[in-house]
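Undergrad: Per TrEMBL, region 'Disordered' is recorded for 1-27. Under the heading transmembrane segment, TrEMBL lists 45-66, 260-280, 287-308, 344-365, 386-415, 478-510, 531-553, 593-616, 628-652.
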Amino acid sequence: MGKDSKVDDSENAAEKSEEKNKYGEPAKFDPTFNGPIKNRGCTDVICCILFIIFFLGMGVVGYWGYKEGDPTVLIYPSDSEGNLCGYGNFVNKPNLFFFDLLKCTNVAQNVAVGCPTTQVCVSKCPDKNWVWVAAAAQDANPLLSTQERRKLKEDMYCTYNITTQVRDEKSIKELVEGGNCASYYVKSDAVVGRCVPSAISTLINSASGLLSDAGNTTLVAADNTTVTGDALSAASKVLAYILNAKEYGEKILADVRASWWMILVGLGISCVIAFIWIIIMRWIAGVIVWFTIFAFIALFSFSTYYTLSRYFEMKNNSSASLNSVTDIEFTTNLDYYWNLSTTWLVFGIISATILGLSILILLFLRNRIRIAIALIKEASRAVGNMMFTLLWPIIPFFLQVVLFGFWGATALYLASSDKKKYASSSGNLTSNVTAADSSNLVTTFAASCAADYTNSTLGQFCGFVGYDVQEYTIYLQFYMLFMLFWVMNFIIALGQLTLAGAFASYYWAFSKPQDIPAFPVTASLWRSLRYHLGSIAFGSLIIAIIQIIRVILEYVDNKLKGSENQVAKFFLKCLKCCFWCLEKFMKFLNKNAYILIAVYGKNFCTSAKNAFFLIMRNIVRVVVIDKVADFLLLIAKLVVVAATTILAFFFFSGQVPIQVINGYVPSLHYYLIPVMLPELTSSLMGASLSSATTLPP
């Protein structure tokens, strides 16, 4: 029996040993190893060369887009001849007027050739309703004088070739039926440079229930189609939504401009709070972490209480309640959402969920939290000895901002490099027109479809309808998107590799701080740029490929939304889930691979394999300690964010009980914009400390 037991024990030990050997042998303690090795060579050179070639290609595409494109065509509205309203010769005519907005109801046609009605630039939008039938009847009176006829025609919106002389020579009926002037218009507002009908309900005649002018004449189009409120509303609804969204963005930009110096003050306060939090953790990490945990719980306890209290106060108020979620209206007025009980209920549920999860984690992982505290304390000491690590994350962030700005500008120039497109309502279509010959083509093309106006129905359209997307532009945009992912991940990887090398020089220093290099971050950055650009390019390329595949899957999913093929949808959802998990796993593995590259100087594949084996040999310790440490750092960031957010909220909402301070509060459209922007800094400041706690065990 005893022999059998010994045999079983030896077999179990052999199995464990074999299982451990499957993930390689643990590294032996080397008392002579004192930090990142200095004698190293270049790694993954081919990937470095490939990255440089693609990066130069990115610059070539940007230069070509800058040469061929003109973003002004995306900013300013275009009339039927391709002129830009509010720009160049039309600077005094900033608004675009549609002759017959009812023709904009066909969405498919609008996407293909634009809204097929004549459009002209005007100095101001109509401030009343007008219809050609009543004016034409008066114009037909032979007793009217020339001055009276001119006064009748003053209210007409016509094409540019209709001069005062032409107006005098032609009747209102001839001008309208010839397509030279609008047959009707309604009171409109200028929304992002487009004349969009005002609230339809205010324009309807209470007696007839139809749209009419000041003389109660019902509005009709050139082909005698009655202009109803429903038809006009349908034609302007989508346009209004899009333009309101653009106006919403412009209001946000205006708020940022009005409060920019206050946002900078908020950024400074966030930096100071985060800096103080990191520094004092050197001495009282345990107290700070436990205080942070309970402060986090207290903040979300108050948030849960406050939001649910507001909900119970408002739920019996009929004006603040909704019968169903579908009753929620889309609006750019954020006060509408704050006055709904459903909004506070959602906030209350979110706060209660976070609170419950935090309490459960605290109860079940309190012992692991103690170990994580020791790890964070050592990381805080490392930061204290290398102060520049606090400022380093700003450099990758700045590079990312520059990259995103370059990509956004290039995307705009590429999008505006498309050729002008001219069409007629009879199906005639001519495109691929450059800016140089567009003026000649307008004349030629107008002549070619002039017969349409005389031989077909009234209201024929012939002119500029938009910009034709060139096939190569799509490929270039795809290339730029891929390079955005690749370079963005390259910058992130460079930051991780640099910080890993700096903290490695601290951890392997025998006598601290004497053995720590004078400029550890600079030395680590030099090693990264001198030897490991290829490894950085390799790792970031893998992430970029996964991300571009996810974009393609999202595109396919969007195309299949109207499809009834449930099997295809199911497999697509599975693929999206798998690639999401793959991206998360590869980012985690890459981060640990960069740490080993910084320490030992091996290539990416070798370092990734060693990192994977190292993680698998210490899987429980890595998962629990690493994630608990990440969780504690996340709580710290949230506390900083909550503190600065509360201060900014009470300041910009004018609720500070000090009159002198309230005098500095600017007039804003949405006071939450400057409240949210300063919180970016707390995440930046936590990046250096989190990197210090991710060295493999």
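Cβ from N, Cα, C; glycine included.
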Undergrad: Counting Cβ pairs under 8 Å that sit 6 or more residues apart, are there three or more between the transmembrane segment (45-66) and the transmembrane segment (478-510)?
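TA: When sequence-distant Cβ pairs are counted, the transmembrane segment (478-510) touches the transmembrane segment (45-66), since at least 3 lie under 8 Å.
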Undergrad: Do any residues, 6 or more residues outside the transmembrane segment (344-365), come within under 8 Å Cβ-to-Cβ of it, and if so which ones?
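TA: Cβ under 8 Å, 6 or more out: 293, 296-297, 300-301, 303-304, 307-308, 310-311, 314-315, 624, 628, 631, 635.
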Undergrad: Which residues, given as numbers and ranges, are at least 6 beyond the ends of the transmembrane segment (287-308) yet have a Cβ under 8 Å from it?
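TA: For the transmembrane segment (287-308), the nonlocal Cβ contacts are 277, 280-281, 344-345, 347-348, 351-352, 354-355, 358-359, 362, 369, 372-373, 376, 632, 635-636, 638-639, 642.
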